[in-house]
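Student: Annotation source TrEMBL lists compositional bias 'Basic and acidic residues' at 336-348. What TrEMBL records for 336-362 is region 'Disordered'. The transmembrane segment annotation in TrEMBL covers 45-63, 83-105, 112-134, 140-163, 175-195, 207-229, 241-260, 306-326.
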Amino acid sequence: MQTNFLSQQFNAGFLAENSTACPANATICDGTSCVLPENNFNQTLSIVLSTVLTIMLALVMFSMGCNVELKNFLGHIKRPWGIFVGFLCQFGIMPLTAFLLSLAFNVLPIQAVVVLIMGCCPGGTASNVIAYWVDGDMDLSISMTTCSTVFAMGMMPLCLFVYTKMWTDSDAIVLPYDSIGLSLVALVIPVSFGIFVNHKWPSKAKIILKVGSIVGAVLIVLIAVVGGILYQGSWIISPKLWIIGTIFPAAGYILGFFLARVAGLSWHRCRTVSLETGMQNTQLCSTIVQLSFTPEQLELMFTFPLIYSIFQLLFALLILGGYRLYRRHRVKTKTDIEKTEQKEDSKSNAKINGGFVSNEMK
């Protein structure tokens, strides 16, 4: 589906840039990027795990909805400053960052297009789980994920039209609106049930939320492991894509946080916007890539969404670990200060009243 210019430039540039041999049983091998053939076991495993993961994801989003107050959620919709900041991050910062990284590393046209597709995707649902664990604004997190998925219907074609001109015709990229719609339905319906449960039975909603948050954390790690198993032959690709896959999510987290802070959002909302910016819907990116490229091109570079998802998860876990350490230190310090103040108060009261002062207070 790509233009002749893209195919010629891809073939010439790729052969000139790469020289490492691929495994003997690779399906298509043209330099340092190749994929081992999928066997029947992998195909069966992929179908089974996709079904299981879809059901688990729906249950996790249901539990996340149990932490959403309908009044607060509607408040974000009526006064959408946080959503607007997230919109700027999602469809302003991320596509521009993808474009600049592609230029800076001088990647091949086909590689640049895939990086840009990733940058134009809406936020992923994994951000809602991580936002819960870092004490983010869950109402804002879910409303941002929902709105970015809706806005993606129009913003993805616009961003791709603007940024991919120098590499390919944007018409050659097939946007799966049905997949975007399914993502939206898979998000909205479970969350809506969760909001209803939280409204009717708040005590039960708290139990569901605790269980769901743990399952969600396990699910995120499981998806990364499953991806590594199913695509174990896909790791030999251009080092430039590995570097971009590392830098890109980190840049999204950092720039999203700073833009939210400049916009005057509170700290817990800054964390939320940061996660919503850096965590992309990598499954949607993979779908677009598979629909848009020829089999030869697809086999050589569809792994980038998987690389991005692994590093976005890794950095998210680092953010979570750093926040938990900070919170523990802050709570400990605060407790020590309160104990010191209580001792000083006890001393002063004892002196005033002529009371007894224990050895621990002296």
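Keep in mind that glycine also has a Cβ here, set from the backbone N, Cα and C atoms.
Since this is a predicted model, take the numbers as computed values, not measurements.
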Student: Between 83-105, 140-163, 241-260, who has the most Cβ pairs under 8 Å to the transmembrane segment (112-134)?
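Tutor: Counting Cβ pairs under 8 Å, the winner is 140-163.
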Student: May I ask which of the stretches 83-105, 140-163, 306-326 has the most CB pairs under 8 A with the transmembrane segment (241-260)?
Tutor: 83-105
Student: What residues elsewhere in the chain lie close to the transmembrane segment (83-105), defined as a C-beta under 8 angstroms and at least 6 residues from its ends?
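Tutor: Sequence-distant neighbours of the transmembrane segment (83-105): 76-77, 111-112, 115-116, 118-120, 122-123, 140, 143-144, 147-148, 151, 155, 159, 162-163, 167, 240, 243-244, 247-248, 251-252, 255-256, 259-260, 263, 265, 273, 276-277, 280.
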